[in-house]
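Q: I have a structure I would like to understand better, so I am pasting it below and will then ask my questions one at a time.
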Amino acid sequence: MKLSWKTLLLWSLPIFVIGFFFWQGFLGPTTTDVGSNIASSRMTYGRFLEYLDMGWVKRVDLYENNHTAIVEAVGPELGNRVQRIRVELPASAPELITKLRKANVDLDAHPPKSTSAVWGLLGNLLFPLLLVGGLAFLFRRSNNASGGPGQAMSFGKSKALFQMEAKTGVVFNDVAGVEEAKEEFQEVVTFLKQPESFTAVGAKIPKGVLLVGPPGTGKTLLAKAIAGEASVPFFSISGSEFVEMFVGVGASRVRDLFKKAKDNAPCIVFIDEIDAVGRQRGTGVGGGNDEREQTLNQLLTEMDGFEGNTGVIVIAATNRADILDSALLRPGRFDRQVSVDVPDFKGRLAILEVHAKNKKMEPKVSLETIARRTPGFSGADLANLLNEAAILTARRRKNAMTMSEIDTSIDRVVAGMEGTPLIDSKSKRLIAYHEVGHAIIGSLLEHHDPVQKVTLIPRGQARGLTWFTPSDDQSLISRSQILARIVGALGGRAAEEIIFGDAEVTTGASNDLQQVTSMARQMVTRFGMSKIGPLSLESQGGDPFLGRGMGGGSEYSDEVATNIDKQVREIVSECYAQAKHIIIDNRVVIDRLVDLLIEKETIEGNEFRDIVKEYTAIPEKNYYISQF
């Protein structure tokens, strides 16, 4: 470990102080001068005067500015032998010298050495000097940390990271799956590098670009790519770094940030998680947060106020665009809003190709198959997936990852860590029937997603799992698809009831019932897919703030609410009856599949369908199932 001079100084100062006081106390001038004459016995001053009156004192040596005397005395009490005795003298005893002279006692005074006085003075001044020096050192460090030397108490200085030419190691070629957003930002970068091609036709540089999208979709990665490509000064800061414990700090930091940005224009200012400071004003109980609102007001003024900010492009990222203040979103501040959504199949494939560049894979590994099997995965999820697969490959001591590691990693990312396999018991058989109930319905219903695999290996909180893979990216879902999913979700409970009886139905279907109820209620209240008609009965005016939402209530009558509950119950009941009917009609193949599942613990989708085909016809679907 390399030690800096500051670290060495920090450790050496206490050692020096302790050593100095140790040396002064035990090796100082007092020990040198008096130590050779020090006596083992002591005597009070009054007793010393008695000895002097009786003529027993022969010699007196004075030390320490006449505060200490070494007395040579002889007498009956001392065994008639000369004894050296130490006597502490009072501060003021003018008659002592006179008495000693009258008694003809040898008297000698030993003044302290000049070096002793110097060391005494240094000893008295050392601690205060070290204290003052330490405080000055800490104060200087505090100033440097908050904005540079000589800027004491600079709480209002911006904490933005400034890079004249940002070297993030990320360029646009490293960003995949968000082609539309890349085009927007490539245009911004071109505007910064070659503004004349735009100004020639009267175009103005955009003042702000807002990145909106779910977590993990690559918003911050895009900002890093812009910083790596733009070759202009780049400021980056988080929205949470503006407001702190002191009043007025947020607005002051905004002013300081934009002052620095204007001094270095043209430049880019990136504000990550802008929702921390850009929330709507006047919300919440009590009217909101005054300090945050002052910061937001200052930000609004700096972005498009009286003075303007020519040459400064503000790029912000958030996954909560619905709570941002409307004044912040208007043109002139954020001219463009770029949506960065979860990637589709092509986007996932491009992202996997980027992250697979530095991974060793077997030739049989198909990135297209992985992309098909991971609908809904964000860019961060896909990066984590391949990293987990690489870790698992190293753990298994393989030279390259295979589809087996990738399949296990997908299961881990989606459902959690693998648990201990179940032992053969009635509970294991019940779980097997539950999972096969889901899978058989998913295979036989035309509009249901195809089965990928069925397993009894526990993961997370689930004792068993049935995996379905959508045949394509479904941005639009039909009524028949929703109903098929409801029937499939009820398949596990239906199998429990048909096989083991109503008394043996377990709590294992609790999560299924939550999903079923949610889907059925959305069919009625959001999508207009019930007998109530094409009505949206969900309130769209609710805000994610306690203040405005406290007074909100339902926008329909009690009669309509009762009808909604009736329609939800009717949809679920019809789907449950259909699920039980499918279970009863396919009891033979279900029993065979359960026995095979208990034996193997995992059945892949192709094998599952091949067995079902021996007993009944299966609707044609698109299958993207990995082969091992």
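Note that Cβ sites are derived from N, Cα and C of the backbone, with glycine treated the same way.
Annotations for this protein, taken from Swiss-Prot, read as follows:
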ACT_SITE  Glu435  active site
BINDING   Gly213, Pro214, Pro215, Gly216, Thr217, Gly218, Lys219, Thr220  ATP binding site
BINDING   His434, His438, Asp512  Zn(2+) binding site
TOPO_DOM  1-7  topological domain 'Stromal'
TOPO_DOM  29-118  topological domain 'Lumenal'
TOPO_DOM  140-628  topological domain 'Stromal'
TRANSMEM  8-28  transmembrane segment
TRANSMEM  119-139  transmembrane segment
Q: Of Gly213, Gly216, Gly218, Thr220, which is closest to His434 (Zn(2+) binding site) if I measure between C-alpha atoms? They're all binding-site residues.
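A: So, spelling it out, the nearest of the binding-site residues is Gly216.
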Q: Quick one: Cα separation, Glu435 (active site) versus Pro214 (ATP binding site), in Å?
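A: Cα to Cα, Glu435 (active site) and Pro214 (ATP binding site) are separated by 31 Å.
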Q: Around His438 (Zn(2+) binding site), how many other CB atoms lie within 10 A of its CB?
A: 28
Q: In the structure shown, which of the binding-site residues Pro215, Gly216 has the fewest Cβ neighbours within 10 Å?
A: Pro215
Q: What Cα-Cα separation, expressed in whole Å, is found between Pro215 (ATP binding site) and His438 (Zn(2+) binding site)?
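A: Rounded to a whole number, the Cα-Cα distance is 31 Å.
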Q: Counting Cβ atoms within 10 Å across all protein chains shown, which of the binding-site residues Gly213, Gly218 comes out on top?
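A: Going through Gly213, Gly218 one by one, the largest Cβ count within 10 Å is at Gly218.
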Q: Can you list the residues of the same chain, besides Gly213, Pro214, Pro215, Gly216, Thr217, Gly218, Lys219, Thr220, whose Cβ falls within 8 Å of the ATP site's Cβ centroid?
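A: Once Gly213, Pro214, Pro215, Gly216, Thr217, Gly218, Lys219, Thr220 are set aside, the remaining close residues are Ala317, Asn319, Val340, Ser378, Gly379, Ala380.
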Q: So which other residues, same chain and not among His434, His438, Asp512, have a Cβ within 8 Å of the centroid of the Cβ atoms at the Zn(2+) site?
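A: Close Cβ neighbours, site residues excluded: Glu435, Gly437, Thr466, Ala489, Leu490, Gly491, Gly492, Arg493, Ala495, Gly508, Ala509.
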Q: Given the recorded positions Glu435, Asp512, which one is most crowded in terms of C-beta atoms within 10 angstroms?
A: Glu435
Q: Using a 10 Å radius around each Cβ and all protein chains in view, which of these binding-site residues has the most neighbours: Thr217, Thr220?
A: Thr217
Q: Can you tell me whether DSSP puts Pro215 (ATP binding site) in helix, strand or coil?
A: coil
Q: To what whole number does the mean pLDDT across the topological domain 'Lumenal' (29-118) round?
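A: On average, pLDDT over the topological domain 'Lumenal' (29-118) sits at 74.
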Q: Cα-Cα, whole number of Å: Thr217 (ATP binding site) versus Asp512 (Zn(2+) binding site)?
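A: Pair distance, Cα basis, whole Å: 28 Å.
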Q: Provide, as an integer number of angstrom, the distance between the C-alpha atoms of Gly216 (ATP binding site) and Asp512 (Zn(2+) binding site).
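A: Gly216 (ATP binding site) to Asp512 (Zn(2+) binding site), Cα-Cα distance: 27 Å.
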